Amino acid sequence: MATRVASVFSSLTDVGIKAALQDEAYKRIKSNLREAEIINPYSVDARGAEALEELAIITNPHSIRLHTHAAAKSIENQMLNIVGHALPKEPVTFLFLKRGKLRYLSRGRIKDIFQNQEIEPRDVARYEHKTIVQKSLLLNTRVAYISDTLHFLRPRYIIDLFSQNVFLDVLYATVVLPVEASFKHPSQNPAIYTINYNYGGFQYLPGNHGGGAYSHEFEDLDWLKYGKFIYRWVDYRTDPISGKRVGTPKELVVTCQLVESLGANHLFIFKRGDLKTPRVRTFAKDKSVTFPDLFYPEEENANFPVDAELATKLFLYVKTLKTVTSQDVHGKLRQLLRSDELTRFSPMQLTHMVNYFMVVAHLDSCNDYSMLLGSSVWTQLTAPIQSKLRKLTEFFKGKSSFGKFCAALKWKTATYSLEVVDYVETRRDSFEPHPLDSLPDADDRDVNYDTDVSEDEADEKPAPKAPTSTPVPDTTPPASPAAPADAEYTQCWAAWDTVIRKHGFKGNQAQFDDDGNLITPIAEIKSLPKDSPRCAPELIKSLQEIARTPTLVEIDSKRSNAFGSDVKNGRIGMILKKQPNDWRLSFAAKCEHTSRKVHACVIHGAGGSGKSQRLQDWMRSLKKNSRECTVILPTAELRTDWVNKVPKQSLDTFKTWEKGLVQPPNRVVILDDYGKLPAGYPEALCANYPNIELLILTGDSRQSVHNEHNKQAATASLESNIEFWTQYCRFYVNATHRNVKRLANALGVYGERDEPLKVTCSSHVYDGWPVLAPGLLKAGNLAECGRRAFTYAGCQGLTAPRVQILLDNDTPLCSQRVMYTALSRAVNEIHFVNTGPSGDDFWTKLDCTPFLKTFLELSREIEIPEAKCQETAPAEATVKTHFPVENPNLVLEPYVEKMAEKFDRELYSKEYGYSNAIQTEDPVIQLFPHQQAKDDTLMWATIDQRLAITTKSENETEFALKKDIGDLLFINYHRAMKLPKNPIPFDKDLWQSCKNEVQKTYLSKDVGSIVNGVARQDPDFPINEIKLFLKSQWVKKVEKLGMVVKPGQTIASFAQAPVMLYGTMARYMRRMREVYQPSNIFINCEKTPADLDEWAKANWNFEGLAHSNDFTAFDQSQDGAMLQFEVIKAKFHNIPSDIINSYVELKTNAKVFLGVLKIMRLSGEGPTFDANTECSIAYHHTKYWVEPDVAQVYAGDDSAQDRTPVPRPSFNKIKDRLGLVSKPLTHRQVPGDFATFCGWIITPKGVIKDPLKLYASLQLAIRRGKSHEVALSYAHDAGLAYRLGDDLHSVLTFDEAHAHQCTVRDLVKLNKVEVLRPIWALD
């Protein structure tokens, strides 16, 4: 039907007017087609063109340019065009974008920056080499754009990008993700792309072309739902006044919004800040419906989306026929579906659809409900009752035919709109600095090898790189006259003055090493014949200028034969072992029988002397992608350095040593740092490739060399490459541009950098500095912890402004070459990290008893005294109270009034009489029973209550019978703590570290305590013998104030050696547990109240009921089942079997003076706290089903969580076989009934100490005259509540507020106001 505008044009009959209108229209069409030629220059079929026009993309019907996926490519270009209009007219950083696509962005001559990274192999051909960056991206622009790559990355990438680049404010990003893949539906735009679902993921095929396909995991589709990226961390800084570390919660929020959506291509904008974004993200019009289920089971229904128009047509068709057959519906369905749409439905889906409409066709569509039209008043009044009765009847008998018909027509709209979700990440590791808080220096971000030369780019800004650490001048510095005092010494190398200046040194200083020996910049001079090849004349000329003319060298067949033998027999290399057998046989034969000479130039010099500068200058002068030279490097890191310094040459110019053997080299071969290559490598290379005319070897004869670990290899018996080829080196450049003069001279090297040298030593590893470790294991562990770690020997080629060198027991084993390599890495600052024991007090403790050294592994060091600055004590400030003053006498008065007389509360024994736990005449002190080790009545009551005597055989039987229970406990513990599927490999370094921690903790005791334990340190002290003591303590639990005295707690005194051994085992498993521990579980071990407070604020949910738990007789209830659990857990951590067996032996045969103890937990056995905590977790998750996101806290037998757990029915079958009995409590999470944990109350404002318990404990200390000993600790506990201010009114009851005010008042009187509220928090 023509519109009114079209009708007006059709009413014009004058030929001239029509011609003029057509001419005007043609001009506009021509202009539009010219613009469309940029976006869509391809020939697109009719269906594709129609689909593109729906997306407002024009197709030129006369275009003949073909493309495998033209329609999808046109959408990509259109997205770039949209981005180009959105970008500001200022420099922008383009990520993952080819320079050739700038024309779609209409960017003009704006100096944009291109940074690309190789995410997948095809990126090698996609991006220009000079735009490739190898390390973390540094963005210096306000706006950036990521092109069609974000869907291959993880959400953390957005957080990293914004956190590491403080200038970045806006990020545009295009992604290619079909939204229908979220529901595993076929493509909604089959003319543009198709989707395959295979192998647990989906494959996006643009234009049905497999060559352009991308494979995705379903989790990649989450990019379509993210609305905000939230990263939370705590910024720890040192208070300049108090010197304490103060944590400030911080948050980075990046808001994301969908800007445009064209098919599977979507444009998003990411803006720094917490902004609004639509709750629902719409990608396409809702045009499909799903049918209700008519049959059982569910899969036998047409429960897939069907086009609403098609469904309506089929519905009307089946209801227009008097008699409907299956053939009719199949035929109509085939008629309505185009041929290209047939593959959208499987035969089974078509069958289910036909069955659905067959049912609908046979159901009665005539309404059989009561008709109100023209009915009587009585009928109208009773109609609702009749309707309800009918519904009730149909509920039992089933619906009528019309009711079924209506139910069958309740179609649901199938939508591709998605609800927006937030991506939230919280940093847990307190030692990990946040990028926004401590951006590393530029020198720390990039590793430079030897020298670096800047290169100007003509039309673009280069990707930001770190400044070169060891620059070498491009021009020869002018000769400076030597000082009169130095002139006598500098005459020693006057003949080499020109060569020295060609290397960038003045050579006019007399420098001496620490032994007083003169350091000469040129050393190890040899006279060799000169014989230059005809190739590379410019390079030969450059080498002659620095006295490095090549010489003719005969290849040593013995060395090449040994190397060829190792290659043939697969003794060395990784790639070489995978080569075909014929290739390896041929390689070995050439090594054995080839005899030849080759022109060689051997360049030796100290690190940073500029050995490779001339070579790199020559390679930069070559044409782009020249085939003149091949550079072979020992490591991938060194290869990357050469690629960055000589970017004009193709990537295959630079090869690692194995690729250099497999792939033929060019006629000029450079072996950089050849001392790190396997012995015999240069000879074997020349023997196999006769096209090599010039061999250049650069290295340092003073640094570490390759060490062949396979002692069966033939090359293991050869002298190193350095030792053999040194005879062909004309001289050694004993000077450096890298190290400052003081450091260079200490290493016996000449240097002219007059900068101060800083050397420090501590036990702390700094963040951001490269770490050098003596061995591979330590370096590997440090690297896994996020450190930039190298071995002493493997750091060759590294240049950094400052490095830290780890010292341990392996350091003295390193050779002089290795130590020289490590010490020469830094420019001007070295930090030594000493992880071993030190200090005079340490050795005093070690010598105080004769047995400590028998089981402690230690090495002695001399500690350099450090000057300590004096801290000025801040002036005391007046504290403003925010609670009304209360009468302190009324807090404990109710307990005093109910308290019975002394002997009514004491325990009584016929043999020993009354116990003596109620002491003094002070009624407040009498509230707290005082349990003492010398109280025999209490001691025997405790033994009767806490200990059970049995035999070793009964314990072993108990242990064996509970293995199945132990398995169940560990399975649930494994799931709760998210441990890996496979057992954790044993880490010897971590074990040693834990061992050192246990030893350090023990030796931190005062000398008197260590001497008192001399008997337990005796090797003759029986391993399984235990001495029992009664723990002396004041019982301060609020629920026990003024109550009858209860049995106390025992302390078990074991032999010291097994205590430390099993303590090491527990600490080792704790460290491993912390690696995998989920963030919603908090274990109060080595944590502070501030840590608990921070965690509770971030994780605890106060909306429902909370749960807490304690146990009855927790220690003595840990029977054979818990021991089995401990053993299985230890085996999962690959603890050595002899340690596990000895632990089982100790637990099943623990002897006291009464006999063998039943299997139980004993305080003092080593792993008490860790074992108690882990047993509590295992028991809790075995008894209850706990959702994965529930916040949980554990410490020993105490635990709590923010939701009530669901009991497992299966637990009832095993609870009788477990000795543990829990005491669960439910909390309403309102004032007076919040969850409690270890004396802390978890409130919406944070955790606070139980005010009544804190007040009672403080009163006991005050009345005993011990307030000065506990005031500081109690002030810290009360401070968390005090600093909440008036917020306390919302979390405390009247009685709790009363106790809190009285506690604070007493602490103020004790001069602890600065602890209650730090100086920085005062008004």
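Using N, Cα and C of the backbone, Cβ positions are placed for all residues, glycine too.
According to Swiss-Prot, the protein carries these features:
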type    : residues                                                       : note
DOMAIN  : 60-224                                                         : domain 'Alphavirus-like MT'
REGION  : 432-486                                                        : region 'Disordered'
DOMAIN  : 572-733                                                        : domain '(+)RNA virus helicase ATP-binding'
BINDING : Gly605, Ala606, Gly607, Gly608, Ser609, Gly610, Lys611, Ser612 : ATP binding site
DOMAIN  : 734-867                                                        : domain '(+)RNA virus helicase C-terminal'
DOMAIN  : 1104-1211                                                      : domain 'RdRp catalytic'
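Shown on the structure are the features that Swiss-Prot records.
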residue	record	Cβ within 10 Å
Gly605	ATP binding site	27
Ala606	ATP binding site	30
Gly607	ATP binding site	27
Gly608	ATP binding site	29
Ser609	ATP binding site	30
Gly610	ATP binding site	26
Lys611	ATP binding site	25
Ser612	ATP binding site	25
Margin query: Across the domain '(+)RNA virus helicase C-terminal' (734-867), what does the mean pLDDT come to, as a whole number?
Written below: 72
Next item on the list: Count up the helix, strand and coil residues in the domain 'RdRp catalytic' (1104-1211) according to DSSP, in that order.
Entry: 44 helix, 23 strand, 41 coil
Checklist line | For Lys611 (ATP binding site), the three-state class that DSSP assigns | finding: coil
Margin query: Tell me the coarse DSSP state (helix, strand, coil) of Ala606 (ATP binding site).
Written below: coil
